[in-house]
Amino acid sequence: MNPQPNNSTPPATESGMGGSVVLAWLVVGLPLAWGVSQTFIKALALFK
Amino acid sequence: MADNSSSLLDRSRTVAGPGYNRWLVPPAALAIHLAIGQAYAFSVFNKPLGALISGDPAKPAPDDWTPLQIGITFSIAIVLLGLSAAIFGKWLERVGPRKAMLASSLCFGGGFLIASLGVHLHNIWLLYFGYGVVGGIGLGIGYISPVSTLIKWFPDRKGVATGMAIMGFGGGAMIGSPLANNLMTHFKGSAPMGVAPTFIVMGIIYLIFMQFGVWTIRVPADDWKPAGYVPSTEHNDMITTANVSADNAIKTPQFWMLWVVLLCNVTAGIGVLETASPLIQETFSDTAMGAGKGVTAAAAAGFVGLLSLFNLLGRFFWSSASDKLGRKVAYAIYFGLGTIMYALIPTLGHNLQLTLFVAVACVIISMYGGGFATAPAYLSDLFGKYQVGAIHGRLLTAWSTAGVLGPLIVHYLSDSRKAEGFSGAAAYQTVFYTMASLLVVGFISNILVHAVNERYYEKGPVTVEAGAH
């Protein structure tokens, strides 16, 4: 699709809804961080 | 399938309003991929599922399921992943990501529930149907569901956006494995090996967690573009401004070259992942390194964990880097550097260079992840964003093929060498040289990828609705 002039729809912002963005990243970031930490602890056995 | 209802699930109800922050879309995508990525942790159930009757994985009863029977469950899931991604891709483009994500969550969560019944009744066919077929369909729809939406939200950073989502698939196994272990320990007293209730709880947890993605995802308006974004006017043959439909894409040589690229990438990656634990233990054994200095089973598990971390990081790092390098150059690095590194592994093992061996394996597996994560952006560059999710779905049949063929090749080659009397790194030498050869094939296939012929382009402007027929 060729780039079209964007006159009708206001652009989504990158700074708006900051609280929602932080919350959304926490929802997925916390389980991921837990999983990564568990894997990291397991990986430490290699260096012992 | 007409889509005229005004349900909250309809694409029309998911178009973002003014002020919507596009950085909400990657977490929505991650919620799906972190859940379905659990599939790569299925092996955590292998031993418990093989001891449901005896209660002791070390002493399975005659009627207990064999490792082969259990392993088929994962194979079915991976085959169904590719098939459902290919079959439902166009449907997804039409109905939008929310409905597709909901379908994925119901299939994936529901698959666990059916599988738990299979475990409870000790009926392997129900396990195959639940986790393999129904869950596998959830995997396929879920995997591709956020791809085209992310590309539309991030035309300026396609690699970063899809890399984040597909990184989640790698992260899903890191969550799924300890979660399953903890739950099985908790339920061990109430059910054989604690597996059936663990499946029920995991199915419910994933079903709920995926709803976060379902209800957060938004698609941009057709004429939306990022604030301040000015598409490059510099001509680049490898980045089209036209659009190719999914049906036309599979008629192009470019699609099939990328299919070979993904097939080689995944098969070679499986060469490392399948052999990692026995390879490092047998290569750096007490016999080779000296009493008490060999790699133990726990350290080998640590090595597998380290590979998982690099698989995860590689997905984001390499896919993001491809935004700067260009997709073709990125894949040339994966395959060029990868070929050298695969060929080095047996030598490093033979010379007992453990640190270098681990470092090289980590880089290899990071590029394996990068190969997965860069594919959607490559497809979008070549075929446009019109039906990129559906095209990606069809490309994933290469993953299914590799997922079945890869382990067979690896085990055949390593078992043959062992039967000939080779041990340690030498037993896996053929595996790694074969995988290095496969990467050469992938390298050539990537080099042959050129711009798509204009005769495959859609004529005139395209809309989502146009793709409905």
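Cβ atoms are placed via backbone N, Cα and C, with glycine included.
Copied from TrEMBL, the annotated features are:
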type     : residues  : note
DOMAIN   : B:1-454   : domain 'Major facilitator superfamily (MFS) profile'
TRANSMEM : B:23-45   : transmembrane segment
TRANSMEM : B:65-88   : transmembrane segment
TRANSMEM : B:100-119 : transmembrane segment
TRANSMEM : B:125-147 : transmembrane segment
TRANSMEM : B:159-179 : transmembrane segment
TRANSMEM : B:191-209 : transmembrane segment
TRANSMEM : B:255-276 : transmembrane segment
TRANSMEM : B:296-317 : transmembrane segment
TRANSMEM : B:329-348 : transmembrane segment
TRANSMEM : B:354-379 : transmembrane segment
TRANSMEM : B:391-414 : transmembrane segment
TRANSMEM : B:426-449 : transmembrane segment
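When each of the listed stretches B:23-45, B:255-276, B:426-449 is scored by C-beta pairs under 8 angstroms to the transmembrane segment (B:354-379), B:255-276 comes out highest. Across all of the domain 'Major facilitator superfamily (MFS) profile' (B:1-454), the predicted model scores a mean pLDDT of 92.
In this chain, the transmembrane segment (B:100-119) does not touch the transmembrane segment (B:391-414); fewer than three CB pairs sit within less than 8 A of each other, excluding pairs fewer than 6 residues apart.
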